[in-house]
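A short write-up of the structure that comes next.
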Amino acid sequence: MGKSILLINGPNLNLLGTREPHIYGSTTLPDIVASSKAHAESLGATLEAFQSNHEGAIVDRIQEARGNVDGIVINPGAFTHTSVAIRDALLAVNIPFIELHVSNVHAREPWRHHSYFSDKAAGIIVGLGAYGYKVAVEHVALNFKERASL
């Protein structure tokens, strides 16, 4: 049984490819999801993707992952700077996670520099564009522990 990865994308990431392409690039979220799934499969893992613009929906999906997922890759979008609820959900389920950002948040507005997730993440990927998803999926597939079988 291969590792199971949950890919979560937060608010406005459904607009990737058309939203500020000079910052976020031209790759769409469906393209990112398709390539992430294919890469996970090539490494013997499975990947499920979830996107929501709503904080509570993301919290619910993280809670549903408890006991069913080996690792989470999360691009929290703007919730990076505001969501204690998503942070608490990630800590409550005790699933290691990678925090991912398409743009280099540290080269942008000062308020984007703070993250509620970075101090608890197993790793942080910033500024690599859509390629960052491949790096994150590969790291989870090759380095995270597989959950114990029942």
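For all residues, glycine too, the Cβ spot is worked out from N, Cα and C.
Feature annotations, reproduced from Swiss-Prot:
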type     : residues                                    : note
ACT_SITE : Tyr24                                       : active site, proton acceptor
ACT_SITE : His101                                      : active site, proton donor
BINDING  : Asn75, His81, Asp88, Val102, Ser103, Arg112 : substrate binding site
SITE     : Arg19                                       : site 'Transition state stabilizer'
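The structure, with features from Swiss-Prot marked on it.
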| residue | record | Cβ within 10 Å |
| --- | --- | --- |
| Arg19 | site 'Transition state stabilizer' | 12 |
| Tyr24 | active site, proton acceptor | 19 |
| Asn75 | substrate binding site | 24 |
| His81 | substrate binding site | 16 |
| Asp88 | substrate binding site | 13 |
| His101 | active site, proton donor | 22 |
| Val102 | substrate binding site | 24 |
| Ser103 | substrate binding site | 18 |
Rounded Cα separation (Å) that holds between Val102 (substrate binding site) and Arg19 (site 'Transition state stabilizer'):
12
Can you tell me the three-state DSSP label for Asn75 (substrate binding site)?
strand
Express the distance between the Cα positions of Asp88 (substrate binding site) and the residue listed as 'active site, proton donor' as a whole number of Å.
19
Compare the C-alpha of Arg19 (site 'Transition state stabilizer') with the C-alpha of each of the recorded positions Asn75, His81, His101, Ser103, and give the closest one.
Ser103
Can you grab the distance from His101 (active site, proton donor) over to Asn75 (substrate binding site)? Cα atoms, rounded to a whole Å.
6
Please classify the secondary structure at Ser103 (substrate binding site) using three-state DSSP.
coil
Using Cα coordinates, what distance in whole Å links the residue listed as 'active site, proton acceptor' and Ser103 (substrate binding site)?
6
Where does His81 (substrate binding site) sit in DSSP terms: helix, strand, or coil?
helix
